Amino acid sequence: MKFIDESLIRIEAGDGGNGCVSFRREKFIPKGGPDGGDGGDGGDVYLQADENLNTLIDYRFNKRFAAERGENGRSSDCTGRRGKDIILPVPVGTRAIDNDTKETLGDLTQHGQKMLVAKGGYHGLGNTRFKSSVNRAPRQKTMGTPGEKRDLLLELMLLADVGMLGFPNAGKSTFIRAVSAAKPKVADYPFTTLVPSLGVVKVDDSHSFVVADIPGLIEGAADGAGLGIRFLKHLERCRVLIHLVDIAPIDGSNPADNVAIIESELFQYSEKLSEKPRWLVFNKIDTMSDEEAEERVREITEQLGWEEDYYLISAATGKNVPPLCRDIMDFIIANPREAETQQVAPEEIKFKWEDYHQEQLAEYQFDDDEDWDDDWTEEDDDEDWDDDWSEEDDEGIEFIYKP
C-alpha cells in the first residue's frame, strides 16, 4: 500500500434547520395559537484515531466530506431532526491543521480518540418561542446558522520511541533489518529509503520499543535538496534520536562535517527537535580493524567537541548492536513518554439554547409596561380570529409561512 502522510481535504458541517411559522387550526378550537417547531441542529464532523490504519491514502482522491443538514421545524410543535454526524477514521499520530489560518486543531495519539473539527450550525426557532402575553400571534421565526466549513490539512506523524538520523547510505535501514522484523530496502546507492518505515525491537520477553527509519538527509535539505526535510516531522514524537554515522563514507567526505550538517538541518527544521536527546552511533566498523575504528572515531569526536557517550557498531554483522539496544530500552524505561495531549471529556449532549437564540428573541421582545392596549375598544373585541371558519372553508391553511 502506498504511504501517504499528508492530505488536504474539505470538510463541511451541516447547517442548522430553520424554525417554522405555524398556527394551530382545529375545529371548535378558535385562536389555537402558534405551534411552529424549532429546526434541528446541523451534524458535526469528527476525526477518530484508528490503530488499524497506517496511511492517509483514503483521503488522496476523496477530498470533500459534508455532514447532514438539520431538518426544518414543523407544525404541531414538531422539532426538526438533528443532522447526522460524520466520523473520519485516521491513523494514530495524525495532526489536524486549519489550512487557512495554520492553526493546529489537535493531535490524535491514542486509539479511539475523537476530535471535533467542524461544528454544525444551531437550529432556528419556531414562532412558538416568541409568544407572550403581549404577542399572542407571533409571526417571527429564526433561521438556522451555517455549519463550519474549513480546508483541513491532515499530517501523519509516526509514533515511535526511537528515530534514526543520518546521511544516505549511513546504514539506517540495515540497522533496522538487524534489530527487528522490518525489511526496508537496502542497496549501495543513495536514497534507497524513500518513505519512513517502522520496526519493533524486542529486547526481551517483556520489553520492546519502536524505531522509525526516515530517508537520509543531505546538505541543503531545509531548502529542498534531496528528499527535503518533510519526513523529519515523523521524529517529533520520538524520545531519543539515534544519529548513525558512517565512519568510512564511500564518497570520501569527512564524517565530522556530515554530523555537523545533520545538526544544522535539524535546527533549521525545528529548534525543539534539535534539542531532543541524540546519541552518536558510529557504524561500519567492520570495514577496518578495531584499532583503526577507535582512532577514527576519536578524531571525529575531537573535531565535533563531542563530550557525551557514543557507540561503535556494525549493523551488517551485528557487532555491539545488542548492548546498544539494551541501553536504548533502559533510557526509554527511565524516560516515559509525556502526555502529548490532554484527554478531552466527551462533549455533553444537550439542547442548544445559546446566546444566539437569546439575542434573536430579544429582537422581538415587547415591554410589558408599554400601554399597548390603551387604544382598545369594544369593537376590537368583536374582531375574532377567523370565527366564521368551517370545514368547508378552503382558505384555512395550516402554514402561514413555510420554510
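Glycine too: its Cβ is placed from the backbone N, Cα and C atoms.
Which of 4-43, 364-403 counts as region 'Disordered' depends on Swiss-Prot, and there it is 364-403.
Here the Cα atom of Lys284 (GTP binding site) is found 13 Å from that of Ser173 (Mg(2+) binding site). Neighbour count (other Cβ atoms within 10 Å of the Cβ, all protein chains): 31 for Lys172 (GTP binding site). DSSP assigns Ser314 (GTP binding site) to a strand segment in the three-state reduction. Other C-beta atoms found within 10 angstroms of the C-beta of Lys284 (GTP binding site) number 24, with every protein chain shown included.
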